[in-house]
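A quick write-up on the structure given underneath.
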Amino acid sequence: MRCKGVSPNQHTFASIAGVAANLGDRLYCEGVHACIFKLGFESEIILSNALIAMYIKIRSVQNGWQVFKEMSSWNSASWNSLLSGSHNGKTCDRGPSIFHKMLAEGFKPDICTFTSILRSCSNLLNIKFGHQVHAHIIKNGLKDNNLVGTSLIDLYAKNGFLADAELLFTQLIERDLFSWTALIAGYAQSDCSEKAIKCFNHMQRQGATPNNFTLATCLSSCSNMAMLENGQLLHSMAIKAGNSGDVFVSSSIVDMYANCGCIEEAEAAFQGMVSTDTVSWNTMLFGYLQHRQGLKVLETFRMMLDKGLEPDEVTFIAVLSACSYMGFVNEGKEYFDSLTNVFGIVPTIKHCACMIDILGRAGKFNEVESFIKDMKVTLNPLVWETVLGACRMHGNDKLGESAAEKLFELNPGIASHYILLANIFAAKGRWEDVRRELVEKSILAGYVPKTDHILNDVSDDEKLEQLFHHNERLALAFALININPVKTIRIFKNLHICEDCHDFMKLVSGVIKQEIVVRLQSLDGKCSCSRFMIMNLYS
């Protein structure tokens, strides 16, 4: 067109700016901008908006902002173009401030505005601001719009408010693939894998065809729950629909088989992939690692390098973990050094923990202490958890006690730390130290043993011993060993609880920063000591 001498107008440039953005060629995009400036169209609002959208799409956010600032006037499309760059990455935190400024300038947000700002809130996990945006949506009469409704579902689901997401989903006038996928992804991210699969099956019955993201999300749910049969059905569906060639889907298939204990099938799926990336190789590495095939991990890592793929931080966690449990100390050191020296990766705290585990499992505690000092990681709980685990393995009670004290300072609410140290003491026959762990902390918190609840004619020391063998305390001890720290401990008792156990449970709950619920056989809403429980105690 230019060779024929036909001069482009603003509509020509608006179209070509969109094409340039799709090409992703930054130099060409800047060339288009230069032509617009050269021909004197820079004051055209339609072109400025197109340039903002173009720069935002190629992730040249600063240039997009510069175009926006130089505009003499704005319209809603200008703000929407700017907001479109606040969905992810380092710029998503700008979304709320842009939205605020837009409202302050007197512009009325539309559907595009709300979908963009909701995506920003979703990625920021900013539910508080999301609630405010939701109120604006209702105020502007857009709560029934499907695009906005789907964005709201995504916001609430990603933030763990699944009941709100489900309610919004039921209120949608039309449910398309994106709204179904948003809810399914929310279930998957909240570890509600069975709900995710049920929702997927319901979606199919409603006639919606899954896309790559839906399939990958459901495969991830099957992986988390080791639901092999459902995973196999999804694998067949992906092949039938022609989605199995997608890297995201095929990596999820590999992960599903590995987590379901089918490492041969995972290996076959990996070898059958049309194309691979670093994520898919990492998936295979962790599959081998999970099945304790350390040599395969290292062999696959070397193959990955031979194929010309660049390893990332995650890759080295798998490699160093394999060296750890196989006892490859020298190889582990070499791989750790290569992080920075060869691949230019700054070691993270997880890499340091892996290296400490390598040295600790080998019993090289002097090197462990030197490494911690040299790497300046003395204030991280993961480091001392790793040290404590190695001390438990080798019975190093001195360093183990020191590591535990560090953990009690840095992260006092984790019961497993006390249990590990108690195990170290027990292995060394230090029974008095075993008894001291939680008991000492509870006494500091105000616990005074009530030995008058023991009616046997025995000494006070024996009465104290008997108090600690009451069955609710044994149940608590068992829970502390087995329950994830974030979960509530629930104890069911078909008799009353003594006053001493009542006080002890309350104080332990405060010490370990974990909710303890004790259910009693009582009809009056009180505990057996005739006082309402201060802790969460119910009938």
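Cβ atoms here come from the backbone N, Cα and C positions, even for glycine.
Here is what TrEMBL says about this protein:
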REPEAT    75-109  repeat 'PPR'
REPEAT    176-210  repeat 'PPR'
REPEAT    277-311  repeat 'PPR'
DOMAIN    446-531  domain 'DYW'
Long-range neighbours of the repeat 'PPR' (176-210), counting only residues six or more past its ends (CB under 8 A): 146, 149-150, 153-154, 156-158, 160, 162, 165-166, 169, 217-218, 220-222, 224-225, 227, 230, 237, 241
Secondary structure composition of the repeat 'PPR' (277-311) [DSSP: H/G/I, E/B, coil]: 26 helix, 0 strand, 9 coil
The repeat 'PPR' (176-210): DSSP-derived helix, strand, coil residue counts: 26 helix, 0 strand, 9 coil
The repeat 'PPR' (75-109): DSSP-derived helix, strand, coil residue counts: 24 helix, 0 strand, 11 coil
Per-region confidence, the repeat 'PPR' (277-311) (mean pLDDT, whole number): 94
